[in-house]
Amino acid sequence: MEDHHSRPAFGYQNARTANRNEVSFPSHSWSLEMLLRRLKAIDAKREDKLASVLSAVGEFGAFQWRLVVLTFIPSMLSSYFLLSDHFMLTAQRPYCNTSWILAVGPNLSLDEQLNLTLPRAPNGSFLTCLMYIPVPWDLDSIIHFGLNYTETCKFGWIYPYAKTRSLINEFDLVCGNEPNMENMQTVFLAGILTGSLLFGFLSDKMGRYPTILVSLLGLLVFGFGAAFVKSFYQYLFFRFGMAQVAVGYAISSVSLVMEWLVGDHRAHAVVLEHCFISVGIMLLSGCAYKIFHWRLLFLMGGVPMLPLISNIWVLRESPRWLMVKGKVQEARKVLCYAAEVNKKTIPFNLLNELQLQGKKVNKASILDFYTNQHLFKVVLSMACVWYTVSYIYLTLSLKMKDLGIDNYFRQVIPGIMEVPARLSCVVLLEYFGRKCSLYLSLTLATVFCLFLLFLPQELRSTIILMIVLGEFSLAATVTVFFIYTAELLPTVLRSTGLGMVSLAWAAGAITALAVFNQVKTQLPIFFCCLSCVVALCFASLVPETGDHPLRDSIEYNSTESKRKNQDIASMVIDEESMSDVVNDEVTKNTILNALPLKSEAGRFFNTALEKLTNKEVLSLDP
């Protein structure tokens with residue numbers, strides 16, 4: 001018995017010598033692993049003074065609820081506006097305007113008017129882009145002799161059988177005036193490209209709050225204002241501006257929420273935001289099905305922006321951004337305001353601990369993404385993943401359209417499926433962390449693409465199912481990607497980094513359009529599988545971020561070396577503790593002896609240990 005108890009004590013001394021902040025030992029219990037991860041998070045939070053203050057403010061109180069609601073409802077409206085093009089260009093059958101004949105036959109019905117003034121195709125249908133040349137005859141002569149000479153429509157077009165009012169019949173985009181879909185997509189992607197860089201830069205320079213305010217004003221102007229355009233080119237301009245402000249809002253809102261919330265609440269908030277995006281897609285589909293006029297569709301989406309902007313004053317700037325910019329007093333003020341809303345009190349000594357590290361303001365520029373090895377690796381790896389997600393998602397969408405699926409089905413079904421896909425990320429991130437969750441979702445997308453590659457084209461229903469399941473896994477990938485990337489980037493360049501990574505989304509979309517439109521074989525699907533494999537390889541280059549505090553500066557050397565020493569110490573403890581940890585009592589003593597008990601950790605230990613005493617959490621043979 002002496003030998004049995006002495007060896008663990010020796011192991012504890014080594015553990016305390018190697019690393020007083022972390023302890024790791026082998027376990028086959030998910031409960032114990034989750035407990036240790038949370039204990040490490042508490043220890044990391046203790047080093048992050050701002051995280052400690054945020055905990056004192058209230059990890060998720062009334063202020064945080066306001067933050068989530070007021071920043072994520074516009075996400076629903078931005079997806080509403082971004083995807084509205086799918087319902088703006090509904091097919092319409094035009095006929096030349098031949099109302100001139102009504103001057104001599106005012107009582108003619110529409111069918112009689114078309115029969116007398118429009119030539120017919122060989123199959124008996126009326127030609128849509130030709131009309132008979134008007135003649136100065138009376139109605140009886142026209143009926144008796146008929147008209148023989150044709151010309152193109154010079155009095156415009158009519159749409160007698162159209163059930164909805166779209167851009168097609170609003171601006172007569174027919175008979176050689178059809179909109180070039182590639183040009184429309186180019187304008188949209190150009191807005192994404194410029195908006196990613198512009199708003200990412202502004203968010204890091206001006207702050208998250210003013211960038212969000214500018215983006216919301218842009219959503220109001222370019223979304224609500226699109227209902228009043230007078231030409232198709234004006235519409236394209238408004239779509240360009242909408243793409244800019246939508247991606248800018250996505251970047252700045254994610255940065256603000258990630259920097260205000262702590263712990264698992266960060267991931268949960270981003271998951272909620274992306275669920276709102278899916279709800280926006282379903283809302284758009286429902287409104288487009290019921291509303292017959294395209295201008296009313298934009299007005300419907302723009303109306304909720306007015307009360308949102310009028311209540312945006314309740315938000316506050318990110319305290320992390322204020323700290324890295326040297327605005328310590330302003331950071332304290334916004335933290336005190338949040339505490340007041342949450343009906344909490346921040347200890348005075350804790351608030352005074354908020355000081356500039358190194359007594360100087362963190363300075364960074366976009367060039368650091370090239371000169372800093374860690375930032376370069378993060379941006380390159382995440383850009384490859386984002387490129388892959390964009391390419392696969394658009395390829396699957398084009399594949400669905402190529403199968404002749406109804407436009408409403410293509411929007412509603414993926415929108416419904418994406419909500420549970422994004423909610424499943426809560427469980428994935430909790431149990432597997434960021435990196436493994438990204439691996440899992442990308443691997444699932446690869447599997448479904450492989451099925452598409454080898455399924456015969458006759459199995460149309462099975463192909464549609466595989467496409468929907470592929471979009472399901474990609475929705476989870478997007479959510480994990482945003483959380484992972486935002487945590488990898490430092491506060492001083494977080495929005496700029498997200499903007500640079502978003503450039504890869506446009507590149508992937510352009511590639512998908514070019515490949516799918518030029519190649520009518522299974523080659524685009526093969527490229528989906530290949531790009532997934534490449535993305536998985538690049539994703540392995542970046543570290544796990546779960547339970548680690550957010551980085552504020554671009555200086556990583558000291559932090560990385562410290563973490564490597566901690567990993568080495570954990571490995572030593574793993575080897576020496578394999579034969580020592582034999583029962584629950586030893587487990588509890590190991591945790592208590594390895595970590596310093598402070599007020600916050602002590603409260604957590606008391607709750608956790610009460611649960612451990614009621615059930616077995618570790619069962620290993622000596």
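Positions of Cβ are set from backbone N, Cα and C atoms, glycine also.
Annotation comment: TrEMBL describes 124-546 as domain 'Major facilitator superfamily (MFS) profile'. Taken from TrEMBL, the feature transmembrane segment applies to 63-83, 186-203, 209-229, 236-258, 296-315, 375-396, 438-456, 463-484, 496-516, 523-542.
Between the transmembrane segment (63-83) and the stretches 186-203, 236-258, 375-396, 463-484, it is 236-258 that has the most C-beta pairs under 8 angstroms. Sequence-distant contacts of the transmembrane segment (236-258) (same chain, at least 6 residues past either end, Cβ-Cβ under 8 Å): 67-68, 71-72, 74-75, 78, 81-82, 85, 183-184, 187-192, 194-196, 198-200, 202-203, 208-209, 211-212, 214-216, 218-219, 221-223, 225-226, 229, 266, 269-270, 273, 315, 318, 321, 482-483, 486-487, 494-495, 498-499, 502, 550. The average pLDDT the prediction assigns to the domain 'Major facilitator superfamily (MFS) profile' (124-546) is 86.
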